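K.L.:
Below is a structure I'd like to ask you about.
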């Protein structure tokens, strides 16, 4: 049984919002999540067609069914049958029908434009496209696992995707052929040599007068030499000798090549020597590049001395403590000093005693 939209209760629910725990049709999804900036940031996805209570994460292309992660593990037999499986990326914002068609053209049938009415709420669809969708549309992919083979996620790197316009490499006219060799399908994640990124061997050299596109060059306006070396910007792309390697991996999960994106800092030391000045120029805290680690201090050496000093201070304080006697009940003490005793104990009136505080003879 097809689930109904929780908002209008008439149309088929296609979207599941985990923040609102609601099943929505496309019309109500645009209406609800365009109300305020907070709802605009809600993460949604297609609804799971098995349990109808979770966002779908995987789409079986052979069965044409969307599954959430739990249903895919326990209910579906796609893995055993060898079906083709496509991962679904969540989204946020208010995508237009054109954006929906681009994202799920192979999934939603009929097209999204046929599922959306020409009027959403009280605004025509064309007005929404010109105002809200063009200014507030944002695609936010989540939980993207980077693997060594990017063939499953070619749509994420597609030039048609408008989610990240700043990452699209713009080439000048006549320079498209030079970047055809840029293939990320078989590229490993950890690059020890900069030439491995663009598939060049160490024996290949680029002629100085050869035109290189802007996406593969360092900033042309910067002609200053690198710190601690005689290399200039014009020779930055020359291949290094086989024995010399430059490690550009700084601990990120997905290393990006500075040569590829044109972000090599002019003070980068190609010789491989790192100093505090280089990191200060690039905005990195010098605390990360100290000659000694923060835990490699002289604390172990000075520990016995500090312990002895602490013991001396404790003994001095102990000697200065005052244990003066304080009479708690002065009236009782005054009476006790005048009572008669026998073997140190008080005696009753009329009984024999061996000590009388008022008699000087008994005291002696």
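Quick reminder: no glycine exception, Cβ is built from N, Cα and C everywhere.
Positions annotated as Zn(2+) binding site by Swiss-Prot, on the basis of sequence analysis: 5, 8, 28, 33. Here Swiss-Prot flags 280-322 as domain 'CCT'. Here Swiss-Prot flags 5-47, 48-88 as zinc finger.
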K.L.:
Ranked by the number of other Cβ atoms within 10 Å of their own Cβ, which of the binding-site residues 5, 8, 28 ranks first?
P.N.:
28
K.L.:
Determine, from DSSP, whether residue 33 (Zn(2+) binding site) sits in helix, strand or coil.
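P.N.:
Reduced to three states, the DSSP call for residue 33 (Zn(2+) binding site) is helix.
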K.L.:
Just how many other Cβ atoms lie inside 10 Å of the Cβ on residue 33 (Zn(2+) binding site)?
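P.N.:
I count 23 other Cβ atoms within 10 Å of it.
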K.L.:
Going by DSSP, how much of the zinc finger (5-47) is helix, how much is strand and how much is coil, in residues?
P.N.:
12 helix, 11 strand, 20 coil
K.L.:
DSSP on the zinc finger (48-88): how many residues come out helix, how many strand, how many coil?
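P.N.:
So the counts come to 10 helix, 10 strand, 21 coil.
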K.L.:
I'm checking region-level scores; what's the whole-number mean pLDDT for the domain 'CCT' (280-322)?
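P.N.:
That region's mean pLDDT is 66.
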